[in-house]
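Please read the structure below before turning to the comments.
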Amino acid sequence: MLNEKDEDLDEEQEEGYYMSENRSNISMGFSIISGVLSGFIKNLSCFKVSEMLNIPSQAFPAAGSQQRVAPTGQSRNKVALKPGHSLLDWIRLTKSGQDLTGLRGRLIEVTEEELKKHNTKHDCWTCIRGMVYNISAYMDFHPGGEAELMRAAGIDSTDLFDEVHRWVNYESMLKECLVGRMAVKASPAIQAQTEKTGSSHLNGLSAPASLRPEPLSAPPPAKDHQPRYDWFQTDATINIVVYTKRKIPSAGCSVVDLQGDDLRVEMLLGKMSYLLHWHLYGKVQDQLEVQTAHSVGKVQLCLRKCVKEKWTEVGKSLENHDTFIQARDRGLFYRECVLVSKSDVTHNTQLLHLRLPPGSRMQVPVGRHVYLKMALQDTDVVKPYTVVDQTLLPASQPSAETGSDLYLMVKIYPDGVLTPHLASLPIGSSLSLGGPEGMFTLRIVRDVTHLYMLAAGTGFTPMARLIRLAVKELQSIRKVKLMFFNCEERDILWQHQLDELCRKEERFEVEYVLSEPADSWNGRRGRIEASMLQNFLERVENSKCLACVCGPTGFTELAVQLIRQLDFSEEEIHTFLG
């Protein structure tokens, strides 16, 4: 889902959006549809094999446009929109992640017969310049009214659209309504080219069945879980769309790295990894945008061309391109990050704020860790650290994070190999960061009603995001309990935030256990033992429990042993191991 910051439109989109908003006298059926489609269909060119689709220049407004002053006595077809149905409301809806196509993120080919079937208000498809859109959701947002929009129902409405609003940036406005393209007959030239290259992609979209060589083997299984990708372009951008074929967690799953002319796009999907890897066809700017539609499992990457020209392909495939394998079998990939700031969490623990390079974006799934690498005395030292959020407390407003910043909670050991160097590292220094990696997936907490966590010291770090996820998003969880083991009270990480969360969230409880407490300490004392867990790990009737453990090796092994003695099965125990 897109955040508030994403509502800032780029200059190209702004022109199309606000042209239609400010010139409010536009009323015919496609007055704003055009605005919607511009950002997405300038690429129609991409979907056409022959040439780039650029809207020809013409007098503005066009002679027949309703933007021109209507003759005296001639009324316009503009209708009053309901509250909450302005152009900006439509933009917010398209960025909400809601499935506006009814196809759960798939792109399909549409025959004329199929298009004609979708001709009602609540099931309304139309075709503009070879691309088919489901405009049902747009009915109440259209300034020309439902009747005008229904003129386009179930037909190719390109001519109708051009008569009225050819100037409108319809591609941007309707990009989330894109169903697919109209089926076309393969010309002999295209057929020959397809057979020669053996490619299943035509300028970004999967080639239609009529253009693909027929396989001699048996048809593939009905359910293909492997993600796929398409791409499209405008004269200024290259856009890559990945269809993961599953819901994406709110934290996201994409890791994008643009290094020189090489683009690496990885999707972390549970225990699997889907990788796209190209040497790009042309030069692009190092700033990029990643947008995620979580509910339909779609990720879209936008790159800006340095030179406005047509690309015939995304680029040349590099090693492991378009592969879907176990994530643990994928080698670590490093990028250089900058240390933005350091802040004290406790007397010996710091929160490091790292910023990825301009060409990188990283969405780290909950429970995953990254690797920091530093060259010390001609030797590379590598250590894993779990990513945390900037704060434990769930934000009241949507996050504005863009995937360019990471936070690591690091305990500084005076005699450690790496951490003393991290502690003395000046702000602005570079660090090599690899990953993310880890075996934790949200499937583990599916249908869980009681979530228990046992953490010792910095073993709290994987619990931090899990706690935030549980109280903010997992409504099936009725109780979240943390037992947090430390030496002294001053060692407790984010104690103030944990206590505040307890006050605000009735489902959350925390209990601190200190092995070396001061005399004034009123809480639990000692080390982990069976008697501590008997009441903590309660089993309620019709509950599904999960116990998560993280800490030093000795603590983790003993904790798991004690949990098993309380009749927890292997499926009910998860250990975070760095």
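Cβ atoms here come from the backbone N, Cα and C positions, even for glycine.
No curator has checked TrEMBL annotations; they are predicted automatically.
Per TrEMBL, the features are as follows:
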COMPBIAS  192-203  compositional bias 'Polar residues'
DOMAIN    107-183  domain 'Cytochrome b5 heme-binding'
DOMAIN    224-319  domain 'CS'
DOMAIN    332-443  domain 'FAD-binding FR-type'
REGION    192-225  region 'Disordered'
Predicted model, mean pLDDT over the domain 'CS' (224-319): 94
Three-state composition of the domain 'FAD-binding FR-type' (332-443), taking helix and strand from DSSP: 8 helix, 56 strand, 48 coil
Helix, strand and coil residues within the domain 'CS' (224-319) as assigned by DSSP: 3 helix, 57 strand, 36 coil
